[in-house]
Structure formats: structure tokens, C-alpha cells
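Visitor: I'd like to ask you about the structure that follows.
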Amino acid sequence: MAGLSINSITKRFGETEVLRDVTLDIADAEFVSLVGPSGCGKSTLLRIIAGLEDPTGGEIAIDGEAVTGMRAADRNLSMVFQSYALYPHLTVAENIAVPLRMRSLSAGQRLPVIGPFLPGSKDKRAEITAAVKDAAEMLEIGALLDRKPGQLSGGQRQRVALGRALVRSPAAFLLDEPLSNLDAKLRVQTRAEIAQLHRRLNATFIYVTHDQVEAMTMSDRIAVMMDGEILQCDSPSIIYEDPNDIRVAEFIGSPKINILPVELHERTLSLFDKPVGRTAIGAKAGVYQLGLRPEAIHLAKSDPLLTGTVAHVENLGAEVFAQVELAGQTARVTCRAAPAARDQLRLGAEIGLSFDLADALIFDADGKRQRGVEVTLDQPVEAA
Amino acid sequence: MAVIDSTAIPRKPTQVNRQARTAWGLATPALALMFLILLVPVVVAAVLSFTNYSLGNSGFDWVGFKNYGRLFTRSTYEKMFIATFSYVVVVVPVSVALGLGAALLVNSLGRFGDVYKTIYFLPVMATLLAMAIVWEFMLHPTIGVINQTLEMACGTVLEVIPFVAKGCADGFPLWLGDKDYAIWVLCFIGIWQGFGFNMVLYLAGLTAVHRELYHAAEMDGAKSAWEWFRLVTWPALGPTTVFVVTISCIRAFQVFDTVEAFWPQGGGPNKSTYVMMFAIFEKGVQQNLIGIGSAITMLFLVFVMFLTLIQRWLVERKVHY
């Protein structure tokens, strides 16, 4: 088990820059997710950590030891691939045993017929068999050891791939979208199991996914990547509640965060050219973007800030999400409501929405978070 | 629901019947052709192999197993079996191994791969009959380029090799005219002509190897090319190998045109290259002994059938995952 440090890694494929100056420190036994849309470079970063790809610039160190330029086989890392990459001709037991056989048996001892009879081979083979059995029991695939991968379901293959990764004690586990080939139900179950496995093994996990739910539910820290950069790396709650960048706010959270354009004139905020009776302190005049999570918007009993018609309703049972087409605007706003409000949220119904500006995340026109801005109830100037 | 079900049940058998009739109707042309051009000739050949029929004769006599008896007693046919099996046993493993080696090398090349692919595939595309003439020139004992090249080694350090020393003293081999060399020359040409085809089949097989498996092997600690080959490439090529070996065996059993081009008068020096196909041609066509020709044909069919069955068995049991 070891920590990892990634120091200003860049990667170029010809003219295309896939990673720019990525720096990330991962502590021992930490679970870090690399999350981002496809093509953001997260898989490339993982493969560079693994040693399957060479960085154009920058350094990688495992447990303080520089490994840049060292080949993957020597880095003592385990990887679970998206396609699982199980050896189709080997049984489950043989698949799990491969990393141990390659490392502890000599080339001669691995030979098919005479190998088992060479000196020292018998003891090592017994050790390997025991280790494979332990790993299989931990993942509850003990009954499948004699099957070939072709005879397994997706979930079972996934467990075998995990087994092959954890049968030896690597410095860190690298997981490349391991759940993307599973069906939705199994994905939720396996998600919990991987998180449990992490707690049990107390090992360093680096997990690549495009699914923000996976990242949110499993990680100690999430590194949100976009266009070859890490935009923010923080705990899931900070990433959700206190994002640095509008792209992070938009990527994390489902349904997506609502972004409303606001303008600030002489300390008075106006939304869609309509003053909202609030004052912002600590910001220059100009155009800003207001980020509002669906749960921050509620149905207004009186004096709504926004009005519109219900365009689409998603009833999830425990909660209802309504997409509201704002009056006079093309933009839609998603709001969350309690199931009791379902009657109000009929399609085409005119409703008023309101929100507390304290819940809003304020970004500037370039999408950078404006933290020093304080919004208060409007105090008429002449009254002060 | 119950009402619908009760009316649906009697309708079902007729529907099945109609479907079955359509299926048979559609399969009939293929079945008829298979009978006419495959099974009937085989049966005819099988029947003729028990007779002494000659083309043009009005009748024939049943001779029982006499034709087959001859095949296993006469020394000519013993030579036929020796020549055929020597050829198969040498050509198949060597051309499969060379094909695999060439495919792996070509596959590892980037830009120049296509050039090598074309070069190695040229002998497959070339007509063997035309190529045989070129080989005949090259192998000519006195004016051939091979013996002339070998003679250049005389008087140099290369004379320490016994073969060169002997050649310089007593003259180099006659190749096509020497009963000790003829079959091996035939094998060499067979390999030269055939391995490019195996290479193409292996190249196709290599494209199906999952890239990520190599990465998995690397992560699992496989460091050398040999370990990668053992762990990933070779098992993945299993189905290709079975196919390539079977095809090569059948092609090797069918060798004919080189023998006919080099030794049209009958199977090489001392019948050392008297392969089965040539024997069928000589007996059945040249000498009009349809009975014995058919008997060799049946034996040939048995060999090929046996190989095909082994292939089916291997494909179903061993190499499909």
C-alpha cells in the first residue's frame, strides 16, 4: 500500500494535447475518483499512472519513488479493465493465479508438464492455490473457479477481474470504468461492494468513471477532469456544494444544476432584466451566472421570482422533478418537489417558483466561482 | 384469454407444417446440387473401386477388394505412401510455423508491413506451373543458379561444411534428378508456395486478439515477448491454428502440379516423389485404370475426412472459449 504523486503530467498525441499539466497527490489508502466526460483524458491519465502509456512530460512517484519510465510490470500496480480483459482460455482460478504465477514462479516452473516437478515449484504452487482460494472467497466466486470466462455473466466476470487485481498486494488499485458494462441494478450493488472492499483492504484506489453517481458514492475525493485538466479535486460534499467552476457544478449533480443569467447594476441584482429586490455586496457590476440546484428551487406560495409552465414531469416516487419553461424565455428550469406537490405540477400548469439567494452559487461570465459575494435583502438606499 | 388460447391451439400444427414445408422447399435446390455434384460422384467412385472398369469398355467385372489389396502390397504404392506422408509431415509444420512467424513479424511492423505482406503472398498468387519452370532453371545441375552459387564456396573457408566439401569434390547434387533430394526439393517448393497463405490467415486471426489483453498481461507481470505470446497471442490464435493446420494438410495431400511439371514421366527419380494425386492422375487418366484410380481416390477421401473430423472435434472441444 502506498501513496501516489502525479506531478505536472502532460500528454500529447501528435498535435492534440490530451493532458495539460495535471498534478495530483493521492494519500495512502485513499479512494480517488477521476471523473469527467468522455475524451477528458481521465483514462489516459490512469494508463500513464499504470505505465501502459508514457507521458510527454511530468513525473509519477509511487510511495516517494519515481517510477516515470519504469515499465508497467515493474510498478506493482493492479488494474481492472473496462472490458475485464480476462484470458478466455484459462479457468477462473487460472485467471486469478496469473499475476502470482508470473511473479513468483520462474519461467521453468511455469512450464506445463515438467514445471510442477522442478525444485521449489510445489510449495509455491500450493501458496498460489491458497491465495486464489482466499481471493475467490472474499468475492464470493469460490463456486466458479473451474469455469471459463465465456461461461460467466457480466457481473461474475467483473468479480474475477477484481479477484485477479487483489490476489497480490499491489501498491495501488487502478480501476478503469469497471462498472460500465453492468446493468443498472448490478451496478448499484457492485458499487457498494467495491466501496466495502476498499475499506476492508485499506488500499489506495484510483477509480476512473464518467458516471458522477459512482464517483459521489464511493470516493474519499473526486477529481473532476475536463479538457485534459483537473478542475477541482475535493471531497464529494465539497465538490457538490462548493464547486470552483461552473463546469464542475454542471457535471456533478443529477438532474443538472440550473444556470440563470443575472446582471448586477449598482448593487441591485436583476434576473432576466427584472430586478429581484436583492442586493449583492462585494462584486463589481456586470453579468454573472447563478447556479441553482433543483432542490434549491421551490414552488412559490406568493411573490414568485420566476414564473412559467410545467413542460415535463419526472416522478421518481420519493420525489418529483419538474421542468418548467420560463415565461418569455427559451431556458428551462428543473426543480425538485415533494410528492405532495404532484397535483400542482400538471403538464401545462402555470406555476411560480422561488429560491433563496443564499443557496445560489454565483459564477462570473467565464464560469469562475465568485466566493466573496454576499446577497442580502434589498435595503432601499434612501431608507439607510 | 382462455377463449383466444383454445382457438390458437389447433391452428399451431398447420402453421408449423407450413413452415416446415417452406423450409424444405427452400433447401431442395441446395440438397439436389449436393447430391448430384458431391455425393453421387463419391458413391460412383466407391463402386468403381471394386471393379476393373476402363473408360470405353462396355462392361466390367467385380474384383472385390483386389484393388485395395494391391495398394497395400505393391512396392509402387508403398513409395506413394512414403512420398505423400514425407511431404505432408514436412510441409505442414514448417509452413504453419513460418506462416505464424511471418504474420507476427508483419503485424509488428507499421508502414512496411504491407510491403512484406505482398512479397510473402506473391508465391501464393503465382501459378505454380509457371513457377515450376523457374525452379527447374534454378535447380539445373550445371547451369542452374543454385549450384553455381554453391560452387563459389569452393576454395573458401566454407569448405569446412561437409556438404560443401563433398560437393566441391564430387559435384553438387542433381536436385530434381537425385532420388535422395527430389522429395525434399518438392517439400521446399511446397513450403515456399504455401506459407504466405498461412500468414494471411494468421494475420486475420491476429486482428481478433483483444488489445486490452496485452495490457492486462503487462499489468500481471508478463515482461517478455515470449510471455505475452504464451499468455495472450497463442491461445487467441487457437481456432486459427486448427483451421490453418487442416487447410495445410489438405493442400499438402493434394500436391500435384509441381510433380507433374518436374517429372511428367512418372513420379520422379525412383518414384521418390510419386504422391497420391499424381498416382490417381497416372492410373485413372493416363493409363485408364479407373478401378485402381478410384481405390486411391477413396483412400485419399478417407484421409481428408479423417483430418476434417479431427478439426471439427478440436474446434468444438478445445479451442472455443
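Glycine is treated like the rest: Cβ placed from N, Cα and C.
TrEMBL entries are annotated by machine, without manual review.
As annotated by TrEMBL, transmembrane segment applies to B:26-50, B:80-106, B:118-138, B:181-210, B:231-253, B:289-310. The domain 'ABC transmembrane type-1' annotation in TrEMBL covers B:81-311.
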Visitor: If you count every Cβ pair below 8 Å, which range out of B:80-106, B:181-210, B:289-310 shares the most with the transmembrane segment (B:26-50)?
Guide: B:289-310
Visitor: Six or more residues beyond either end and a Cβ under 8 Å away: which residues meet both conditions relative to the transmembrane segment (B:80-106)?
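Guide: For the transmembrane segment (B:80-106), the list is 113, 116-117, 120, 183-184, 186-187, 190-191, 194-203, 205-206, 229, 233, 237, 241, 244-245, 248-249, 252-253, 255, 267-268, 271-276, 279, 296.
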Visitor: Residue list, the transmembrane segment (B:289-310) vs rest of chain: Cβ under 8 Å, 6 or more residues beyond ends.
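Guide: Beyond its ends, the transmembrane segment (B:289-310) has Cβ neighbours at 42, 45-46, 48-55, 60, 63, 67-68, 70-71, 80, 246, 249-250, 253, 276-277, 279-280, 283.
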